[in-house]
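Here the structure comes first, spelled out in structure tokens, and everything after it is commentary.
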Amino acid sequence: MRRGSYHIQDHSAESNLFAQRAIISLFFIGSLMLLLIGNLFYLQISSYNSYQTRSNENRIKVQPIQPNRGVIKDLNGKILAGNEPTFSLEIIPEQIANMDETLAEIGQIIEISDEQIKVFKRAIKYRRRFKGMPLKSKLTDKEVALFSVHQHKFSGVSIEARLARHYPYGEYFTHGVGYVGKINKKDLQRLDDTGQLKNYAATRSIGKIGIERYYESQLHGITGSQEVEVNHRSRVLRQLSVTPPVTGTDLHLAIDVDLQIKAKEIMGDNMGAIIAMDPRDGALLTFYSNPTYDPNLFVNGISQKEYSKIIGSKDKPMLNRVTQGQYPPASTIKPQLGLLALDKGLITVDTTIWDPGYWRIPNIEVQRRFRDWKPQGHGHVNLLMSIKQSCDIFYYDLAYRLGIDNISEFGSKFGFGDYTGVDVFEESTAIMPSRAWKKARFKESWYKGDTISIGIGQGYWTATPVQLAMSTAALVNRGQIVEPRLVTGITKNGVYQATATKHRNPVVLNNDKHWDVILDAMYQTVNASDGTARTAFKDAVYSSAGKTGTAQLFGLDEDEEYNVEDVAERYRDNAMYVGFAPYESPSIVIVVALENAGGGGSHAAPIARKILDLYFGLGLAGKRDLTNTTLPPVDAN
Amino acid sequence: MVKTENERRRSSIWFRFHIDVPLMLAILTLMLLSVFVVYSAGGQNIHMALRQVFRLGIGLGVLLIVAQVSPFFYQRWAPHIFVVGVCLLVAVLLFGDMGKGAQRWLNLGVTKFQPSEIMKLSLPMMMAWFLSKYTLPPSTKNTFFSFCIIAIPTLLIAKQPDLGTSLLVASSGFFALFLAGLRFRILFGLGALFAAFLPILWFYLMHAYQKQRVLTFLNPESDPLGSGYHIIQSKIAIGSGGFQGKGWLQGTQSQLEFLPERHTDFIFSVFSEEFGFIGVLLLLAVYAFIIIRGTIIAIRAQEGFTKILAGSLTLTFFVYLFVNIGMVSGLMPVVGVPLPLVSYGGTSIVTLMASFGILMAISTNKRLLAA
């Protein structure tokens, strides 16, 4: 065959050609192999460290661990703010394909309100999507069990146990202890500004008001961290190392739970404040503002409905009346004014004036009558009588003669018109009026007439109950100014340490005997047969002293009669009382302020009496040992 | 002495059953390795490993059967098989099932089947048949016809679209042509033409996802969580393996599932992470051994058809290897090509084993010309 022979003829040539091409191919393959190997060498040997690092960055994540928040305890070590394990249903948004569907499915197993869904959806907009976000907090045992059965159907949804803040005594301590709430944008900004943001990496709640806010940095503790191995879905597989968090500092108050509870009961429907303070070291013994509300509502995010109810109430429960309630101090400041006049030499203990029931500014054409609370007047009145019977005319005259500058300066020394330094941020300075203040506030000069009402603690003068407590303690301490404080000790790393009392520049008199005159007058107010607080304190088993006050909120024309029945409730008089006990060696100063209640002697003093009765009745009088600074008042356990 | 050795070989039981022992040992080595790496890559899933064993078993069976068939059978039927293969590819485009955004599968009722796999064997056969009919090197006219033969299945597969397979099929045809003695003038001319064609390919023929792959290849860090994720994680896996590797089952990139497509296309990354540079060198040595052995078989083959077929299959095997490793280590854009004989997956193993079967048949069926 031609073709066959042709084929055979060329066979060897073709074989050589093929072999040549095969060898060329092998060389080509060899060089490409070297290219691969070179590249692998580059990756695995030259760049090993960099890829090793990146591989570890993939799998090792540092997670912050939330520290346990310090607890807040009462005088007896009872927990006022503690941490309770709670179960919450949490969702990691990143792992949910269809959020609405998932929420609907969960809703068929355990009840989820529209409100909860709304809050949840709003929250996930601002959070990192791979972090769990609570949908429903405080699950009941039944709900936990119900969901656990269906857990397998929901990836990215889980029940998380965590410690949540709990206030066992709820509304009794709201304004003092305060509460924590979810960290919001403003909190984040503040944390960022103070460089604390990193320490809050695992924290969800932050103190919002009260002690919880004031002592936030101490209560919070130090966030720990753990290195964990995660898979590509950020699921934690195991712990590699851990730096444990440091538990926050515990805080101790001098408030006795039982007394505080009684304070609320005694207040009843009255709006106002009760504050009791140990004049020796400024420790607050009662701190109650009425009306109040449940702080536990805020811990896990309050519902819009509940919040509207609180914020919308015309009784303003969120107002801390102890520190923010600005009341005319009324006659409760008469002791200070009397003291000032006495020490300035304007009067002596024997100076008397004639009280016909009204007073006029001398030497002025257009005469306005300033009236005494007692229409017929007190007749001849000296300093002692002016205090125990609370004569207004005496103080119109004194105020007129002292002038606003003296009064303002002296009042300021007692702490009026300024923050007391009490350890809550919700405090108002109230107003200690002065020429400068009026100029700044109203762009008007001070008129002589303005000074007259100041004499009876009204007009422009307002004070907070905590200021009254501080100024009354200043009288008790004969000029020593002690700042009030809720926290009296801390336990840090298991060691108790009493916190130091803060003092201010004392009020110094020309003659120290003047203190005794005033304190005696206050004693007479309570104990003398014609004292304004006599009825309220009848048959008390302890000795006490005090001063009543009744602030008119309703301006009467000079001929009008004040008639309780005719005056709308919100224009009724504020009742005030300041007092202290025992008279010989005071360990408690009490201030009661009641809004629109009526007279101080008839309404505020009886409440103060009840508190003092309990204070002595419960055996609290000798309980506080001020010399001890390193042992907690009572062991918590 | 050569003759005696040849005689000894021919009388051995292996020769009788058409087994090329060195090639077989290398293949078995890779298979054994495959089971271990698949077990690790599949998250230590014993069922996955067992399925791989099963598939490799089937592949081995196919190899043994194919090896018994005389190469001349293929030579006789090459054009017919090719025509049927092309028809099936057309059928896929018309009636095929969709899977992962591409039309690759033909549903035969009982089983699904990928006609492009047939073409991996059929095109080299067709080329070998066509080229060996004429004197080598091929004339310009025959070269032109050859390119037409290559173009038909390549374009049909690219249309599915299955870039990886069309690349493999095209290169198998091209290697046949090269081995047959394609003139260098034409080769370089075509190279220049291809370069000129690239912009057309880019702007008119490539799908958006294919373009994205190329862009990602050029700069994977531009989209580390999106299209660049695969390649970045793969490079991290390979690089973090270092010299010794992290150890079997100890690769964090693979075990913690940062690496996608671990048991299929990216199995080389798993291997590199766990066995390191030293393991990679040994693996490449086994592959190199197979390629050299295949080339020797091709050179020793006595017919133009068997030479070209054996050579083409061997070189295509290298393309598998190069494209896969190049892809996972960032040298090439991501195209879906498995690591031959190691990646988890049925069809590619069967096709590869069949091609080794053909190689063995060629190695052990030598018509004695003198006789």
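Yeah, the Cβs are placed from backbone N, Cα and C, and that goes for glycine too.
What TrEMBL records for B:21-41 (among others) is transmembrane segment.
Here TrEMBL flags B:53-74 (among others) as transmembrane segment. For the transmembrane segment (B:53-74), same-chain residues at least 6 beyond its ends with a Cβ under 8 Å from one of its own Cβ atoms are 17-19, 27, 31, 34-35, 81, 125, 303, 305-306, 309, 345-346, 349-350, 352-354, 356-358, 360-362, 364-365, 367.
Outside the transmembrane segment (B:81-98) by six or more residues, the chain places 74, 104-107, 112, 115-116, 118-119, 122-123, 125-126, 149, 152-153, 156-157, 159-160 with a CB less than 8 A from a CB of the stretch. Annotation comment: TrEMBL describes B:81-98 (among others) as transmembrane segment.
Residues or ranges marked as transmembrane segment by TrEMBL: B:164-182 (among others).
Residues annotated as transmembrane segment in TrEMBL: B:187-205 (among others).
TrEMBL lists B:275-296 (among others) with the feature transmembrane segment.
What TrEMBL records for B:308-335 (among others) is transmembrane segment. Away from its own ends, the transmembrane segment (B:308-335) comes close to residues 71, 74, 120-121, 124-125, 127-128, 131-132, 163-164, 167-168, 171-173, 175-176, 179-180, 213-214, 216-217, 220, 230-231, 234-235, 238, 265-266, 268-269, 272, 287, 290-291, 294-295, 297-298, 301, 343, 352, 355, 358-359, 362-363 of its chain (Cβ-Cβ under 8 Å, at least six residues beyond either end).
Feature annotation from TrEMBL assigns transmembrane segment to B:341-362 (among others). If you look at the transmembrane segment (B:341-362), the same-chain residues 6 or more away from its ends with a CB under 8 A from one of its CBs are 18-20, 23-24, 27, 30-31, 33-34, 37-38, 41-42, 48, 51-52, 55-56, 58-60, 62-71, 74, 114, 117, 120-121, 263-265, 267-268, 271, 294, 297-298, 301, 306, 309-310, 313-314, 316-317, 320, 324.
Sequence-distant contacts of the transmembrane segment (B:187-205), counting only residues of its own chain at least 6 positions beyond either end whose CB sits under 8 Å from a CB of the stretch, comprise 158, 178, 211.
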